[in-house]
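What follows is a short report on a single structure.
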Amino acid sequence: MDLRELVSALNDFASLSLAASWDNVGLLVEPSPPHTVNTLLLTNDLTEEVMEEAVQKKADFILSYHPPIFTPLKRVTWKTWKERLVVQALEHRIGIYSPHTTYDAIPHGVNNWLEKGLGTCTSVPLQLSTAPSCPSEGTHRVEFCTSDTQHLDMVLSKIKDIKEISCLTTFTARAEDEEQTRVSLNCSQKALLDVVSLLSQNSLLYHKTEILLLQKPLLPHTGMGRLCTLSKPVSLSDVIERIKSHLKLHHIRLAVGVGKTLESPVKKVALCAGAGSSILKGTEADLYFTGEMSHHDVLDAVANGISVILCEHSNTERGFLSELRDMLAIHLQNKINIIVSEKDRDPLKVA
């Protein structure tokens, strides 16, 4: 499969518009075209050990859940390990792609896989994603009406000279027991200031002006984190065993909420793969389940009677790769060989 065809298919699988604003997703390293991809290596983290594995297995493309390039590189040398990854990728003609928070948001993504460890439950995203664009052009809609058609022509002429104005329409409307002309237009945030400034020069127009914010619609079942409601309450100790079994872990970190014990019932679980503090914070639940949280956020949760299970960052993500392999095989119509890294692992372990 051609690299550009593959990247297009990956973007269709999970739109990059779903990524968090701070993230760095998509194609990060591109060998000179044409570039054919026969073998794709899946990894949670692209380390030098994983890169060596990719070279040995003759992978043409690496999909790394976490972006190996996050902060900008000022140079590409052999000095630092992330720079060396780029050098090796280009020397061996290996493309690198990262989906990261796009896979957190999609309904069939990382958090959906993570909640399977809880048993039968229903879930909703903790933070819903928005559609990639507004329902129409511009960020704001401005509407006003007037019966002074002569003055209106002059105002409309000046409005048309303002940049970033769209969907300008006029229609007859009845208001205050007389026929008036109603004007509607869409504009950008920048153009809004110019429109308001123009209309404020006429007090009658200004006082009859309505400004609407054109908000992007929310996407159902799509977004960050999950609030899961178990079909039947189970004890905290049972939830711990389910999570350890699902993640194939011998140990987890546990903080028991004030007034709770290992036998306390758990009905609602707020979860987020990776580092979930910012997503989970303030959510009403019996249990927070994530990879890592700050010390003080754990203290806050415990003080509010919420127990916390931490499994280390990538342990809450890596198991998804096997499901991802199967989903991508179908999505890509089995056109390429997809393998999961055997060298990828969480850097932390119990000593």
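Placed from the backbone N, Cα and C atoms, the Cβ positions cover glycine too.
Nobody curates TrEMBL annotations by hand; they come from automatic prediction.
If you look up TrEMBL, you'll see His66, Asp104, His313, Glu317 marked as divalent metal cation binding site. Sequence-distant contacts (6 or more apart, same chain, Cβ under 8 Å) of His66 (divalent metal cation binding site) comprise Asn44, Asp45, Leu46, Ser98, His100, Ser314.
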Q | Fewest Cβ neighbours within 10 Å, where candidates are the binding-site residues Asp104, Glu317 | A | Glu317
Q) Counting every protein chain present, what is the number of Cβ atoms, excluding its own, within 10 Å of the Cβ of His313 (divalent metal cation binding site)? A) 21
